[in-house]
Every structure is written in structure tokens, then in C-alpha cells.
């Protein structure tokens, strides 16, 4: 026996090398269909039958050297080529991270925790390749039955380019602090089989291991802790997949990046970054875009967090300026578990994760909207989307003393105000008052359950839906073709309380085809919805348009911000329509248009009443929600400002609340 030092996997020496040559060399008269010759070396996967179709699966394919010892906190280094056939039949380790254990034994939480051992040696790929078994075209599918296949070549001819199959590359979420491609929910066998696409996923470093930023202290960007190492991991994985697409029967020009939450944000950065721009011309952004408040950070903030971690790890922060190499050697000697735990000391409240893509001037050259405004996205296709109740999951975790997982909570008005002020504590007082105005349930009086619902709405709108809308519109204005979906289906098998609605991440299982797994207890309509979403995503990967045969799915534009509704019942609370505008048009007009104008009034000498003059007639007429906000928010603020100007005691914020209530 010998051990491959790169993979640490044992092999029989001479016998396996000879057999490895035989299975891939026609001269021996033996062809092993499960062996693929990659640029790094040959790999052997496994075969599985899925939905009546054979899929070849390759797990644990290394694309980088293990980022351990001297490579900790550095950009990834490509994997050394190996000799002999690498065993690619086992799931790889997950990158170092902490588990969520707020609800021990609860499957709804456990499904997102790593299901393989965590390790710093974690930079591996997973790849699913459908064989040429023929899948019926979506146009002919009999929804409501399990007869998905037909014995002809139509589907294969229509859904494979001359260069090969389209490839979907998955990037997992987890707030850049957690996540792993090995989760059961990310098993892409069904997506590959039903969609007739190659699917790949990668591991990338999260937390401080992937985002520690000390560039100002280090001479030369290639040195320790340049920041964004996790993004460089993703970039190297994408390049490896593009280089090896043909080896798996794929088309290197038909690579679509798709991801959820932090994964969606990552996709949006790859489309804009000078490092990765051009590697893919299509992206799917699920509940995450780069401009979201949690999705990026300034170099100054990242540096402050890094300094705090060094101090918490007892690595003599005072020496960082004069001897950064000494400090970094200390950090490399710190136990990985210690770093993994101590980094959470910098968590700053709801969605205030201490790691995120950093504006380093190299991978991320400017703030997200500036990068977007400077981009030329002609020829880029985007599918973007949100879920109806994005905020409830995070609300529960950050305010676990207020809410229960299983049952709705009647939240008194004083607790509503307390939570809202805590969530938006970095906003100015006028901004916080405006936010409270916007999310007070005026129609329902002092309804505690409505208060809980409105706090969840505020979190979802601010951190997810409205940044997504803003980014989607920015993409269209830079030349991209954008389609928008809105996922509104509450899954019948959901383990979370009814009050939590359609949670952040609920669409993932449908896109990966999990409801089509007969062993799981989904309803037939949910299986149909999943199949429909799988086909839309696959069609988008091939053509850039998610619409199926005979279906109209309009482009998303500022003039017509139309989204397509994904719901198993074929209808939604939006009057049973398949389409809507927005989503959350009024709330997002507040966050994306009104609040920035209010924020511009940053000093007492500047009247908020001037905001009326700043708003063009065209702007106000095209967004009626702004008019409502002017009446319900700006007029009371004007009164407050005039009171200050006349040296009178300004009205208490509660008086302003009562003013709006009266006006309403």
C-alpha cells in the first residue's frame, strides 16, 4: 500500500497503477465509464439510478492544496497533479465552522449543519453528470404523474449544445461563516437527471479562515491574510470546472453560477469582479445579492475585526505593525477550533456576521453599487429571486428570548419598539422613527401577533428583498437580461412554526429536486412544483431564459418590475395570479428611495422638508408609495425640525407616532 500525499488516500501501488491505465486506455480493450481524465489526473466516481436515469457522481475532487500550516490565511494554491486513479466516491470534509445548536435534535436546524467532519483540508469539488438516457422535454410532461421519460432522442438533441451539456455550479450560503456543499439538501442527482445538466459544487473557506483581512499590515498582496481567500477559493474552483468541463461532457461556454444567500451574493460578485468576470455569462441569485447589508464590508471594518481576533487569540496585537510575520506565525499556530470560536466575538447583532467579501481593491474594487454602475453586462443573463418571509428565521435566532420556534408570539407594543430599535441601532433617530412608522400595523391596532409579523417583514425587506430588487434593477440598467421569481409556497413538510411562513432557504430543496424523491413525504403538487423549478433552472442554464415551452416570463425592468410566482397551488395571496410587481413594491420604495433621501439629511441645519424639492415630479409620479411616505413620515419630521429651529422642545417620538396614527 502507499498513501497519496495530496489526497491522503491509500492505493495498491503497482497493481492499481496498471489497472488505472487499463481502464482509461483503449489499447487494453477495457473502458471504465466511471473514470474521467481531468487536468489534475484521472478520477473514478460512482453510478446511481435517479428518476429512471443513470447519473455519474464524483465526490471529493481536489482543486487546491490543503490550506493548512504555512498556507493558512493565504490564497489557494492549485492542486498538484496526481498519479493513479483517484477515488472520488466519498463526500469531502466540510470547512472549519461552528455548528448551530440552539434547538438540539431539531431536524430543521440540523439539516444546515455540516454532515461530514470539519477540517482545514476542505477544498474539494462534487460533480454530477447525467448519462444519455433520454428525458422527456418539459413541454410534454404530464404533471401529476411520475412518467417523466420517453424513449426517443428529442430531449437530448434539443437540450445539449454542440459543445456539450450546460453546467450549473452551486455556491452554498451560510453568511460566509458556515455552510458546506455536502448537505443532503444539495444532493444534485435529481437536478442533473431531470434537468439534463451537469451540476457541480465546491467547498470554500468560511469565517476568518476565508476572510481574515490584514493587507494594510502586510508587504505585498500575495502575503498572509489578503482577505477574500474564500472568494479566491471559489474562483479557483470555477476555473478548474471550466477547464475540465469537456472532460465531463460539458460545454465550457455554458457555465451558470447559482447560489443561495451568501452563495447568491458570491455569484453577484463573480459577475462583477475583474478576477472572475468572464468565467460565466449566467448567474442565479437566490435570496442574496452583493449590496445586502450583511453581504460585504469595508476594509476598515474588516481590519478592525481581524485585529480583535488576533487579540482574542493572544497573538500580541501590538507587534502587528512592526512585525506582522511574527503575529501571523502565531495565528498559524493557534488551534483551528480556537479561531473558529473566538471569531464570533465580533458578531454585531442580527445578520452582523464578522466575515464577508471585503472591499480590498483587488477582488472587490469598490462598494457593490459602484461596481455595478461601472460594469458592462451586455450579454449577461440573470435569474434572481426572493422568498416571501425571508426575515423570520433570523428573527427567531437573534431574539430567541422573545419568540418560540413552534408557536406565534403576541408581541406587545413596547417589545416591538425595543426589538426594532435594537435591529436598527446604527440608524439615526429620524431613520429609526421612519422605519417604525413604515412597519407599524396601523390597520390592526395593538395586535401583538401583527407586531411579530411586522418585525419579520422589516428584517426580510431590509436585509434581503429590497437589496435584491435594487440590485436586479441595477443589473438591467447595465445591460443584463434579468428574470425575477418570487417563491411563496409554504411546504407541507416544513418543521418550522406556521408563523415563520416561507422561510429563507425554503426554495433550495425545490431547485435541487428533493420533493421528487419518492421516499420523502411531499404532496404531488409539491413534486410538480419542484419539477417545474428544476426545468426552469436547467432551461436558464442552456438558453438564458427560464421560461418553458409556451410560457411567458417577462423581463424584469424598472418600468415593469414583473416577477413570476412559484407556488405549488398555482396561486398565491396575490389574487391568484402567476405574476406580480415588485415584490414588496411599497416597502422597497421606502428602503431604496425614501430612506436614502432621509439619510442625506444628516445634520440639524438641513431641513428634511428639502427632500420634497429633491424629488423630481417624474420620480414621485412613478412611485406612488413615495407620496404616501411623504404624507405619513416627512410631514411629521418637518414639524419636528421646525420645532428645533425655533428653539422649542421637539415632540417626543411617540407623539410623531400618534401623529401618523391620526393622519392614517
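Glycine is no exception: its Cβ is also placed from the backbone N, Cα and C atoms.
What Swiss-Prot annotates here:
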ACT_SITE  261  active site, acyl-ester intermediate
ACT_SITE  390  active site, charge relay system
ACT_SITE  504  active site, charge relay system
DISULFID  95-122  disulfide bond
DISULFID  315-330  disulfide bond
DISULFID  466-588  disulfide bond
CARBOHYD  117  N-linked glycosylation site
CARBOHYD  316  N-linked glycosylation site
CARBOHYD  517  N-linked glycosylation site
LIPID     647  GPI-anchor amidated asparagine
SIGNAL    1-29  signal peptide
Out of the recorded positions listed (122, 316, 390, 466, 517), which are within 10 Å of residue 330 (disulfide bond), Cα to Cα?
316
Long-range Cβ environment of residue 316 (N-linked glycosylation site), under 8 Å and at least 6 residues apart:
310, 326, 327, 330
Between the active-site residues 261, 390, 504, which lies closest to residue 466 (disulfide bond), Cα to Cα?
390
Tell me the Cβ neighbour count for the residue listed as 'active site, acyl-ester intermediate', meaning other Cβ atoms within 10 Å of its Cβ, over all protein chains shown.
26
Other CB atoms, at most 10 A from the CB of residue 504 (active site, charge relay system):
25
List every residue in the same chain as residue 588 (disulfide bond), at least 6 positions away in sequence, whose Cβ is under 8 Å from its Cβ.
461, 465, 466, 469, 470, 582
Can you tell which of the recorded positions 122, 261, 315, 504 lies nearest to residue 390 (active site, charge relay system) in space, using Cα positions?
504
If you measure from the C-alpha of the residue listed as 'active site, acyl-ester intermediate', which of the recorded positions 117, 122, 315, 504 fall inside 10 Å?
504
Near residue 95 (disulfide bond), which recorded positions out of 117, 315, 504, 517 have their CA within 10 Å?
117
From the Cα of residue 315 (disulfide bond) across to the Cα of residue 517 (N-linked glycosylation site), what is the distance in angstrom?
50
What is the separation, in Å, between the Cα atoms of residue 315 (disulfide bond) and residue 117 (N-linked glycosylation site)?
27
May I ask which residues of the same chain, at least 6 positions away in sequence, place their Cβ under 8 angstroms from the Cβ of residue 117 (N-linked glycosylation site)?
93, 94
Which residue, out of the disulfide-bonded residues 95, 122, 315, 330, shows the minimum number of other Cβ atoms inside 10 Å of its Cβ in this structure?
330
